[in-house]
Amino acid sequence: MRKLYKMLLACAVAGTLTACSTQTGAPQGAADTTKAAGETGSAEAEKAPEGDGSITLYLVRHGKTFLNTTDQVQGWIDSPLTEKGESQADAVGRGMKDIKFVSAFSSDLGRQRETALRILAQNAGPAPELREVIGLREWFYGGYEGKMNAEMWDPIFEAHGLKFDAEWSQYGELLKQMTDEDIANAIAANDALKQAETYDQITKRTREAMDEIVKVTQEAGGGNALVVSSGSEIPTILELVVPGQYQGEDISNCSVSILTYKDGVYTLETCGDTSYLEAGKTEEEKKQEAEAAVAAAAEPEEAGKEALATGEILIPSARGTEIHATFTVPANIGENGCPLVLFAHGFMGSRDESGEFTAVADGLAERGIASMRIDFPGCNESTESFLEYNFKNMSDDLDAALAYAREAVKVDESRLGILGYSMGGRLASLYLDKEAFHTAVLWAPAASNGFDAASAMGTAAQMEEQLKKSQTDGKGVIHIWDEDIEVGAEYLQELKEGKPLEQLAAYTGNLLVVTGGIDDTVVKSITDQVLEAAVNTSITANLNIPRAGHGLGGYEGDQEVVKVVVDATVNFFDDNLN
């Protein structure tokens, strides 16, 4: 059964977002284990004393999510666990499998719920029913929900003489000057919608949640309780019940913080402990991480140069012509080969697509993923007539490009990906059944069935008229972007007969669809059909950018949108192919 998650880049409407959910707040970073003074380790807390009514609370942060990878604010809006996030949840569950839980809790946020259920599924004993406690939700960031972290954090850091960066390198310095209360209230004060929670609102519902958790667990006779929450909410819990003991330690994905409760007193046993996560990892996961660490240990400057080994090449086509291509290869290719992503540009586009395709290819290479970008017939450097631009020729060219890549480097066939933009998104959708693509990303895909996908080129009646004309003349004329453009008869016939929604319905891999809120070329009614068709995917994610047009920032010169699109795409491929 598919998971469909819609992620909003900006919440530009007034009112609350009670139907949405997500998280950020606390920094993402290295996996630290921090204990209160005098404590010796998490293993000693694995079983609460029986018979005295005491409770041991295992506070677990959810697994890595899509928005964790894109550096976006995630409070009450929700995004799915990535494959890595699912693996983390399974691993921490295996690491905690011998802990007998008498109760289990998460909020109603999907990322928390799924993490909790995955942990319980690994448990050796009978699992308790998971209870949803709304008070365990992440902080609500109001109008900042879905926006870039920098937009929310820059003014707060700057007000204290600090600089915010993606590594949160000065977050510890910020905490020396601000309490959680100060931070929450600053976010609420800065929120243009005035919807973000104040610290009093956060702590009120958090206190009620903790009281409910203790009550339910005591009614079960005491013992171990699993509590899954988020990166800002867990420190809030700690500050409420053991004031002053949380000192900004990293609460990384699937880390465990342990509290004991007896006679009305909480004690912090450990904070941000990743030993359960590490203990539960499979040998293959450990091997992959070790290989990644070795690769990362390469001298940075030289590794960076090698990672961007890009070749401008000519590939023979099935038609006897030459395909202009760009092949980008990572520095280190493992024993099993490297992942590979094929790119398919849009109508009259290029293999660079205003630089966005190039940026994605470079980003993928830095993550160890090879890529192949080509110019389709009649586009950019192609010497063919644009009348040769049709889906059969483009599909043949993708075949040739993939064959070239397989000859040139060792490709891991289990880690193939494809990226398609606009009409290239239609082509990519049609191509899904030709190869075992593990992951697909579609930007503004014109991928509904028939002429419906080309509504920007003319009405169905106009397209039918041009198709009829082309059957006599060999070509027809479409009108788009204030231009009359001649297209071949094959293009029009294939456009009419194409049913990419069928391939999307059969696709079982991971799918990200990026859409622009003001796209008037591939409109929402088209992309909605794409999302609705993807019923068998492992993950279906929709990143919608309200202020983006069809160019997704690249052709409009909006570099902030470009960064969001590129980062989201690179991270989605990285999370699912690596």
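Every residue gets a Cβ built from N, Cα and C, even glycine.
Since the structure is predicted, the reported quantities are computational estimates derived from the model, not experimental observations.
Here is what TrEMBL says about this protein:
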- His62: active site, tele-phosphohistidine intermediate (ACT_SITE)
- Glu138: active site, proton donor/acceptor (ACT_SITE)
- Arg61, His62, Gly63, Lys64, Thr65, Phe66, Leu67, Asn68, Arg111, Glu138, Trp139, Phe140, Tyr141: substrate binding site (BINDING)
- 340-463: domain 'Serine aminopeptidase S33' (DOMAIN)
- 22-49: region 'Disordered' (REGION)
- 1-19: signal peptide (SIGNAL)
Inset, instruction - Would you kindly give the Cα-Cα distance separating the residue listed as 'active site, proton donor/acceptor' and Gly63 (substrate binding site), rounded to the nearest Å? - result: 14
Legend entry - Cα-to-Cα gap, Leu67 (substrate binding site) vs Glu138 (active site, proton donor/acceptor), nearest whole Å: 14
Legend entry - Pairwise Cα distance for Thr65 (substrate binding site)/Glu138 (active site, proton donor/acceptor) [Å, integer]: 14
Inset, instruction - Quick one: give me the count of other CB atoms within 10 A of the CB of Leu67 (substrate binding site). - result: 31
Inset, instruction - Determine the mean pLDDT over the domain 'Serine aminopeptidase S33' (340-463), rounding to the nearest whole number. - result: 95
Inset, instruction - Among the binding-site residues Arg111, Trp139, Tyr141, report those whose Cα falls within 10 Å of that of His62 (active site, tele-phosphohistidine intermediate); none is a fine answer. - result: Arg111
Inset, instruction - Take the Cβ of Gly63 (substrate binding site) and count every other Cβ within 10 Å, whichever protein chain it belongs to. - result: 29
Legend entry - Among Arg61, Arg111 [binding-site residues], residue with fewest other Cβ within 10 Å: Arg61
Legend entry - Largest inter-residue Cα distance among Arg61, His62, Gly63, Lys64, Thr65, Phe66, Leu67, Asn68, Arg111, Glu138, Trp139, Phe140, Tyr141 [record-listed substrate binders, Å]: 20
Inset, instruction - Work out, from DSSP, the number of helix, strand and coil residues along the domain 'Serine aminopeptidase S33' (340-463). - result: 56 helix, 28 strand, 40 coil
Legend entry - Glu138 (active site, proton donor/acceptor) to Arg61 (substrate binding site) - Cα separation in whole Å: 10
Inset, instruction - Give the helix, strand or coil assignment DSSP yields for the residue listed as 'active site, tele-phosphohistidine intermediate'. - result: coil
Inset, instruction - Specify the count of other C-beta atoms within 10 Å of the C-beta of Trp139 (substrate binding site). - result: 29
Legend entry - Number of Cβ atoms other than its own within 10 Å, given for Tyr141 (substrate binding site): 30
